[in-house]
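Here the structure is laid out as structure tokens; the discussion comes afterwards.
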Amino acid sequence: MSSDVTEALEEPEDLSYEELEEDDSVSATDLSELLKEGTKESHDRAENTQFVKDFLKGRIKRELFKLGTVALYFTYSVLEEEMERNKDQPAFTPLYFPLELHRKEALMKDLEYFYGEGWREKVQCSEATQRYIDRIRHVGQHEPELLVAHAYTRYMGDLSGGQVLKKVAQRALKLPSTGEGVQFYIFDNISNPQQFKQFYRARLNALDLDKGTKERIVEEANKAFEFNMQVFEELDKIGALLAEETQEGGLPVHDGKGDLRKCPYYAAKLGAAEVSSCPCHVALALLKLPTVQLVLAACVAVAAGVVAWYVM
């Protein structure tokens, strides 16, 4: 951890986060307080999206978690690129902590774990994520003071609720306890997340910003929450189309959501039902099922063996 952060965090270590939050020195006009109050509704809405609620209950499919990690990779790649571009801007410099906060490298490790060494060729940016990073790029290049909103929304969330999601993901997806697959949630250079968050808020409050700029930052933070919710909704729609774990025998089970025709097993059943009046069509539909094909192949093999025995 950098020296200025370490010095700041060496002050009473036995002080709890709750006590720090109730510090009388916090003013209603401080940026940290404006952000906290001004994004409360957006924060609640984000926490109550179906994707997040299912995630917290441990109902997270591995494929969906992988796609979520991909979305985070593209988001942080652009966010940290713009932070690097603006690290000398007075409106952002006090919040530049690459050693403590940057997540791109951790996400690269997670993607290699899930997709293998050639992961770069296997991932792509989704539509919702693209809209999110387009906004971050615009802000970084044209309104760098608003970059504060995106950094605050992402990193403070990662140090808070993100730590809960890490434990849920490890348990639900049976990930190694050593951290593979969830490096994104692990901040090796922050020994006390609660104290660091308080220090970060103090840095926010020390920014030399006028009232109008503070209001624009709060507005941008709400936009950041909205972009995140759009990503959650996109993942939720994808999740509705993903089949559950495969049944014994190789037949996928549909989870009851989305279009049944997207599920090969149910599509075959529906196809057979639609042509049930014609025996030959029923037979053709049945032949498309993997189990029937396997049995048929076995019968053909037995018949061929019998014929060969008589010919000899």
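Glycine is treated like the rest: Cβ placed from N, Cα and C.
It should be emphasised that the depicted structure is a prediction, and the values quoted were computed from it without experimental measurement.
Long-range neighbours of TYR152 (heme b binding site) (same chain, six or more residues apart, CB within less than 8 Å of its CB): LEU35, LEU95, TYR200, LEU204, ALA221. Under the heading heme b binding site, TrEMBL lists LYS36, HIS43, TYR152, ARG201.
The feature compositional bias 'Acidic residues' is assigned by TrEMBL to 7-25.
The region 'Disordered' annotation in TrEMBL covers 1-31.
Residues or ranges marked as transmembrane segment by TrEMBL: 292-311.
Each residue in SER32, LEU35, THR39, THR153, MET156, ALA221 lies on the same chain as LYS36, HIS43, TYR152, ARG201 and has a C-beta within 8 Å of the C-beta centroid of that heme b site, without being one of the site residues. Scoring each of the binding-site residues (LYS36, HIS43, ARG201) by how many neighbouring Cβ atoms lie within 10 Å, the top position goes to ARG201. Site extent for heme b: the farthest pair of Cα atoms among LYS36, HIS43, TYR152, ARG201 sits 17 Å apart.
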